[in-house]
Structures are given as structure tokens and as C-alpha cells.
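Copied over from TrEMBL:
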| type | residues | note |
| --- | --- | --- |
| DOMAIN | 6-192 | domain 'Fructose-1-6-bisphosphatase class I N-terminal' |
| BINDING | Glu91, Asp113, Leu115 | Mg(2+) 1 binding site |
| BINDING | Asp113, Asp116, Glu279 | Mg(2+) 2 binding site |
| BINDING | Asp116, Gly117, Ser118, Ser119, Asn207, Lys273 | substrate binding site |
| DOMAIN | 197-329 | domain 'Fructose-1-6-bisphosphatase class 1 C-terminal' |
Amino acid sequence: MKPIFLTQFLIEEQRAMGKITPDLRLLLEVVTRACKRISIAVGKGALGGVLGDAGTGNIQGEAQKKLDVISNDILLEANEWGGHLAALASEEMDHPHPIPEQYPKGGYLLLFDPLDGSSNIDVNVSVGTIFSVLRKPEGSASSEDDFLQPGTQQVAAGYCVYGPSTTLVLTIGNGVHQFTLDRELGSFVLTQRDMKIPPDTKEFSINMSNERFWEAPVKRYIDECVAGKDGPRGKDFNMRWVASMVADVHRIITRGGVFMYPLDSKTKSQGGKLRLMYEANPMSFIIEQAGGAATTGRERILDIKPNKLHQRVPVIMGSKNEVDLVSSYH
Ligand code: AHG
Ligand code: MN
Ligand code: MN
């Protein structure tokens, strides 16, 4: 079969759906080109001098890795000049990054986690990039508030996993499609159309070391999974935790499962661990488009009206019947 490259896929979607404007297509091409550069930087590892700490911190109070900063710079540089964006925001920047004066401005807002799973960089375990696209509200004079739209307003979302292969998973609101990077050609090739998450699963993904900090509903759910055949679920469960959300969620999109970074007493005062705008929202959009569900336990993630750019939320997402069960315990 003839390979379908990302460009052809996007052009066909643009023609058939009218959903992708030329500017959105440019945006997606530019973001994914930046991901190819990040993939190359990540792949060089110690030979590229890219491992280790940058010696700086971000607004979340986390130490930045060299590759966090490099990936952020690559995404900024790629997206500044095209005329498709009004502004960009990132996990690694305190405030939105305006488009430099010399370039035209466009109608889209881009948010990203340039490198997710930073704790895995130095140990050669999968990391990734997550991004979310919003429309700039009409008539607004560019401000941070422009970004504070619920996840239901996203026009596109995607992520790349830099693993044994580099894969791109993308939604523009009509299903979820997977592309694999052909390293020789330097192009993303469509490898799976319309990914669907099985509604049931026997696999859960949570940092078990936080157990004593969890709330009762989450503890109940996990206890019942761990009890396996002998418990109320009547079947054995398996556990997987990569500690890169992007890789854990990718496994779930590929073969089902439930991923949780729930509210716990350690992170309660800040609202949770994962960030709404560039982690939870894009992943929830993708998960729902693949037939799964995403909730805080108490409300659908995509319905949350954000109150700040770096807001954190509890996250429970994946196979629909499991997510519904955890929600029912809340
Ligand atoms: P980031 O590297 O972008 O800061 O995100 C890391 C997040 C997420 O990817 C992952 O699921 C979680 O942190 C890992 O947390 P633990 O350290 O508790 O395993
Ligand atoms: Mn992250
Ligand atoms: Mn990150």
C-alpha cells in the first residue's frame, strides 16, 4: 500500500472536512516538524551533551532538565514566524510568549508541554511532547486570559512519544490517528487511522507509592483491582507505570487501561499534580475522541473552566467503563 504522509493526510482532511484551515494545517506541520527535531535531540542522548540538569527552574518549582529547555526553544523557534499564531504558552514559561513584532499574527493559540516525563530523560526511558490548539477569542487584545478556555474548545491536540520509535498521535476532532516517524525520510507516515480504546481493561497505571495520600474512592478502586480474582471485580489486574504521562497514556490508547494521577493529600493544596492546559486537556480530548473518558473523579476534565495558565487538576482517564466506575466511587 502507498504510504500516506502527514502532509497528504492533512490536505485530505482540509478538503474533505473543511475543518482544517490552511493556517491550522501550517500550525500542525510546524509543530510536528519541531517534534522531529526534538526526537533527534533526545535520540542523541549523552553523545549530544543534552542530558542532565539545566541549572534553572520553572514556575512550577521544578528543576529544568537541559532537554526541557532545548525542546521549549525548538518549539518556540518553529512557531514564531509562520503567521498562524497569536501567542504560545508552555509548561516551561511563566507567561505566554508573544509573537515577535517582525512577524504577522494569526488566530490560533498553542500550548505545550515541550518534554513530558523529564525524570526519564537521563535513564533512557520514553519521553514525549504534548500540545493543544485553541482559537484566539474574537476581538480580544491578546492577554493571558485568552488561553483560559475549557478543553471542549480545543480545535486540535496531539502528542509525540520518543520511544523505540517516534510516534505522533493527533486529533482534529474527528477521531484519533497515529503516525510513525520514518527516520530515513524524516517524515511522519500514517500507521493507524481511528484508534479506539477498549471500554474494559485489566490494566491500571498509578504511582502506588502515593497510596497513603490518596482519597478513599481511589483507594477503594485500586484495592479492588489488586484483590483481583478474589475480590469484587472477579478478575486479575496488571499494573504499569512508566512515569511519563505521554507514554502511559499512549499505552492506554493502544491497548486500553486506566491512567490516574488523582487528588492526594500531598498535592491537594495545588489542585493536583498534572497541569490542565497542556497535559490533562489535550490528553482528555484525544482519549474522548478514541472512545475513552477523562475525569477528575468529580467532573469531566474538558468541561473545567480554567482560572490560571498553570492550573493543576486530578486526572483519571482511559477505558470508559473503568473511568465511570472510579467516578461512581467519588
Ligand atoms: P513533566 O516531566 O512534564 O513535569 O511531567 C511529569 C509528570 C507526568 O508525565 C508523569 O505522569 C508524572 O509526572 C510522574 O510522576 P511521579 O514522579 O509521581 O511518578
Ligand atoms: Mn508533563
Ligand atoms: Mn514537561
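Each residue, glycine too, has its Cβ placed from N, Cα and C.
Recorded features from TrEMBL, shown on the structure.
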residue : record                 : DSSP (3 states)
Glu91   : Mg(2+) 1 binding site  : coil
Asp113  : Mg(2+) 1 binding site  : strand
Ser118  : substrate binding site : helix
Asn207  : substrate binding site : coil
Lys273  : substrate binding site : coil
Glu279  : Mg(2+) 2 binding site  : helix
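Per DSSP, the secondary structure of the domain 'Fructose-1-6-bisphosphatase class 1 C-terminal' (197-329) breaks down as 62 helix, 23 strand, 48 coil. Averaged over the domain 'Fructose-1-6-bisphosphatase class I N-terminal' (6-192), the predicted model reaches a pLDDT of 95. Comparing CA positions across the binding-site residues Asp116, Gly117, Ser118, Ser119, Asn207, the one lying closest to Glu91 (Mg(2+) 1 binding site) turns out to be Asp116. Just so you know, the Cβ of Ser119 (substrate binding site) picks up 12 other Cβ atoms within 10 Å once every protein chain is counted. Filtering Asp116, Ser118, Asn207, Glu279 by Cβ distance to ligand 2 (under 6 A) retains the following binding-site residues: Asp116, Glu279. For the pair formed by Ser118 (substrate binding site) and Glu279 (Mg(2+) 2 binding site), distance between Cα atoms is given as 14 Å, rounded to the nearest Å.
Proximity to ligand 1 at the level of Cβ atoms, with a cut-off under 6 angstroms, picks out Asp113, Asp116, Gly117, Ser118, Asn207 from the binding-site residues Asp113, Asp116, Gly117, Ser118, Asn207, Glu279. With respect to ligand 3, the binding-site residues Glu91, Leu115, Ser119, Lys273, Glu279 contribute Glu91, Leu115 as residues with a C-beta closer than 6 angstroms to one of its atoms, given in sequence order. Highest local Cβ density among the binding-site residues Ser118, Asn207 belongs to Ser118, counted as other Cβ atoms within 10 Å over all protein chains shown.
Taking the Cβ of Lys273 (substrate binding site) as reference, residues of its chain lying under 8 Å away and at least six apart in sequence are, in sequence order, Tyr261, Thr267, Arg312.
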